[in-house]
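What TrEMBL says about this protein:
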| type | residues | note |
| --- | --- | --- |
| ACT_SITE | K281 | active site, N6-AMP-lysine intermediate |
| BINDING | E279, R286, R301, E330, F370, R443, K449 | ATP binding site |
| DOMAIN | 358-484 | domain 'ATP-dependent DNA ligase family profile' |
Amino acid sequence: MEFAEFASRAEEIADESGDLATTDRVRDLLCDASDALPIVVRFLQGRVYPAWDATTLDVGPALLHEAIARAAGPNVDSDDVESKLAEIGEIGAVAATYEFGGQRGLGAFGGGASGGTDGESGALTVAEVDDRLREIAATMGEGSEGRRLDILFGLFNRASPAEATFLARLVLGEMRIGVGEGTVRDAIAAAFLRERVADAEPEYDEGPVDAADADAVDAVERALQVSNDYGMVARVARDEGSEGLDAVGLEVGRPVQAMLAQAGSATEAIEDWGEAVVETKFDGARVQVHFDGEETALFSRNMDDVTDPLPEVVEFVESAVDVPVVLDGEVVAVADDGSPLPFQEVLRRFRRKYDVERMREEVRVELRAFDCLHADGDDLLDAPLSERHDRLRALLGDTDAVSEPVVTEEPDEIAAVDARALETGHEGIMLKDPESTYAPGKRGRNWLKRKPDVETLDLVVTGAEWGEGRRANLLGTFLLSARVDGESAGRDAVADSDAYATIGKVATGITDEELESLTERLEPHVEREDGQIVSIAPEVVFEVGYEEIQASPTYESGYALRFPRYVTVREDKSPADADGLARVERLADEQ
Ligand code: ATP
């Protein structure tokens, strides 16, 4: 598929206002994508690599602006691009204002490792754009910045305005065409898992996904939750249908979405299951351990690779097991006497790339494994929890690194485990159905969390205000938003996650030191400034405490927080994992 075709279809998709009509258009694009299908699916989501792969292009705005300027000709420089950006507000639209192509004679620039621009004239294809962008990602070491610039220049130099729009957005990882994960999932199901009436006119007012398609959507969703690879799942759906999707299994080294818990009580657990597995709820950060027999990779809950920041965990795994495994667990920080430290101590590690060794001396972290998804060639996602626990214990033995599940049908015994957990400084307990399988990405009723803490909310920062006087160069008051739960949220689906509604501002509970690091963290995401007030792209999630949720006309959500208090940055959550309005509403009702 030519990149121009992709760009023009992406424009049509962006112009479509209805959800169902958008899904129809995405479906049609997938049907027409032929060999480029996996790439088209990723590009639609602004990705070059699958969601589980942490590889980045490492192209910042400055480099992108320079590449655009260079391709736009000798009369344009980065300053021009940047002043246009200040005026227009979005780099894709800025890129579309230039005439590219005048630099074709400059053969030394723009080629890939496969050779200069020679032989690279003519229309850009989707595959070629993908190849070049991957080449950019693979370019490292001395002189790599110049090399990345050359490759980008080469792409823009051959781009039409529409192509340049999407090329620029793709490089920055944001397509802005209103296509969320749920739309892509539904479109894959509609495209490949039901008979298409070849010559029927598309009917944009009737959606493709009706109740009868729910099984198809579920099949796609399960494969996505296990693999986190939309491109591969689309290809399998097209080439092998539902059976192929059912066979998409776990792969050591490729993270699956974490199974999640709902809040619940011991009474509910025993009523529903008869017997309950009771485990300590460790107060740390979720980690998925993949050991392929030689190397270990660790992934956080939102599938970032956290192997480097956690060398102790890697060392532990490699000393404890010698067969391939996938384990699910929590990384906890422990004091010298072995007692647990607050989970913020672990999260501090996740963002430290460079001084891991020093951090390691300051904070000791350890693994607490509570599930086993793969052991020595056996996939265990569909095995009951009791069996997965047996395998876990067989692998790791009787150590602190394994949670000690108690199986009981007595509420008093559950209360005793709970009291012990709290006494020893843990967060509370988890209750699990011993017969349940591992359901990736699901927040079902098979895992219940019971913790006595007052609830907190995980909210997305969407704005801030510059401080005054001594704090004039620090962002101070932060505007918080809840996720607007997508249509699909109710069905445990991968919710479309690009809409947020404001719910309040937080300014208390933040030390000067924290203000500095928060400013550093948020400033790159500032989208607009109006005097002291800035709007910020949804990237960072704050955990906040509060005394009460009130109905309020002041904010978009219709709610406001009373006495909001900053707790921490949830480094382990992306905006898509932040709390949605449904939870806010429920908490407000429960007060
Ligand atoms: P919270 O902020 O309450 O931890 P969450 O949204 O991060 O909530 P939940 O699914 O609500 O995640 O709670 C389960 C989390 O508790 C898991 O993601 C995991 O990180 C942690 N956890 C600690 N101990 C256990 C355990 N024994 N079994 C399962 N999860 C555990």
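Placed from the backbone N, Cα and C atoms, the Cβ positions cover glycine too.
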C-alpha spacing of K449 (ATP binding site) relative to the residue listed as 'active site, N6-AMP-lysine intermediate', in angstrom: 8
Distant-in-sequence Cβ neighbours of F370 (ATP binding site), under 8 Å, six or more positions away: E279, F282, D328, G329, E330, L392, V402, S403, P405, M430
DSSP helix/strand/coil residue counts for the domain 'ATP-dependent DNA ligase family profile' (358-484): 33 helix, 50 strand, 44 coil
Conformational class of E330 (ATP binding site) under the three-state DSSP mapping: strand
Other CB atoms within 10 A, centred on E330 (ATP binding site): 21
PLDDT averaged over the residues of the domain 'ATP-dependent DNA ligase family profile' (358-484): 90
Fewest Cβ neighbours within 10 Å, where candidates are the recorded positions K281, R286, R301, R443, K449: R443
Secondary-structure category, per DSSP, in which the residue listed as 'active site, N6-AMP-lysine intermediate' falls: strand
